[in-house]
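Now, the feature entries from TrEMBL:
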- 17-345: domain 'Acyltransferase 3' (DOMAIN)
- 45-65: transmembrane segment (TRANSMEM)
- 77-98: transmembrane segment (TRANSMEM)
- 127-151: transmembrane segment (TRANSMEM)
- 163-184: transmembrane segment (TRANSMEM)
- 190-209: transmembrane segment (TRANSMEM)
- 221-239: transmembrane segment (TRANSMEM)
- 254-276: transmembrane segment (TRANSMEM)
- 297-318: transmembrane segment (TRANSMEM)
- 330-350: transmembrane segment (TRANSMEM)
Amino acid sequence: MSQLSGPELKKKESLMLDYVKALGIISVVIGHYPGDPFVLLKPYVYHMPLFFFLGGVLFNTRRSLLSHSVNLIKKHLSYIVVVYLLLALIFAMLHQLYPIAYTSMWRGTVLDSILYPIEQGFHGGSYFFVGWFLFAYAIVSLLCFIAISLLTRLLSSPVRRQAAVLITALLMGYAGMDYVAQLYQASTLFYLNLLAQILVGASFFLLGYAGKNLIMKHSGVYGFVTAFVVIYVMSQYNVLEPMVIAWSKYPLGFAYQTLTALAGIVAVFSVAKIIAHYEHIPLLRRIGQQSKPIMSYHILAFVLLDIVFSWLGLWDLHNTKALNHYYSQFTWPIYIGLGIAIPMLLHVLYQHTKQKLPLPTTA
């Protein structure tokens, strides 16, 4: 199968995929604030599956297993550690100044403190609860690299290989949603939740890998209309429910949850392709390119806005939690807009500072 990553990406395809990232991260920010304006295309139906799927679309198996593993450690695991500690420090200081909800990340010993976010799915009082996705994504990426590499060696026929990837994706999704997730809901054992996250994430990752040529070619106006009709019909039959991968909640089961998520993914890819065809929007592309810091710091932006509104006497900071913020008739565009802009600004400042710092010379 041809790769769509690296220098082989055509200009329009590269722009389209940046727009997909932008629309995806905007949906994440919207999903974490009250007042969702969407009646049908609700973010929680598709937004996390979208990022796993996109990972499969961009996946490159030309690296060695060692190179891929080192890249994951540098780009994901080390990033998780740095951002987790940074946000823990920031919110510890904010908690000293303001009565926001706060749970210490220090659990008595180094080992317990390391295990705590994993056991709590990064939700144990942390304002970096999207860490669960980055952690699961790193494992999913490694697992899928191994799976695709094995299938490539075992199956010489591209058609058979693609079929095997597709079947593996569906089996993983079924096992994750209809079996392991149910075990987790019955037991609340954290490792079952993590396993379900990995299986479901890998399912969409492999679907993205297997279907990348199809979605890049056929998304567009007709793709959006088809996806919209599917979502509308399913909503009329009351089979349109959020997919909460973070807590392994799949109320409708594998078939319906996967279908609605894929419809949402097709809709996002189609909108991105339409925009990329007609216009280059630098800001939207920049949002897509900075989706990672936006994902990491938009909750911090929400809390900073809560503090501002508390100064104005409009909000009691005792009510501020990771997913509970000031909301009124006029605040939705403020929180969503600045929830995207503030992390982007912080990222620019970080990059600027990084460039200005003197780097040690090596012998």
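Glycine is treated like the rest: Cβ placed from N, Cα and C.
TrEMBL labels come from automatic prediction, so no person has curated them.
The stretches the transmembrane segment (163-184) and the transmembrane segment (330-350) are not in mutual contact, being linked by fewer than three Cβ pairs under 8 Å (pairs 6 or more apart in sequence). Over the domain 'Acyltransferase 3' (17-345) the predicted model carries a mean pLDDT of 93.
A contact between the transmembrane segment (77-98) and the transmembrane segment (330-350) is absent, since fewer than 3 of their C-beta pairs, 6 or more residues apart, lie under 8 Å.
Listed stretches 45-65, 190-209, 330-350 were compared with the transmembrane segment (297-318); the greatest number of C-beta pairs under 8 angstroms is found for 330-350.
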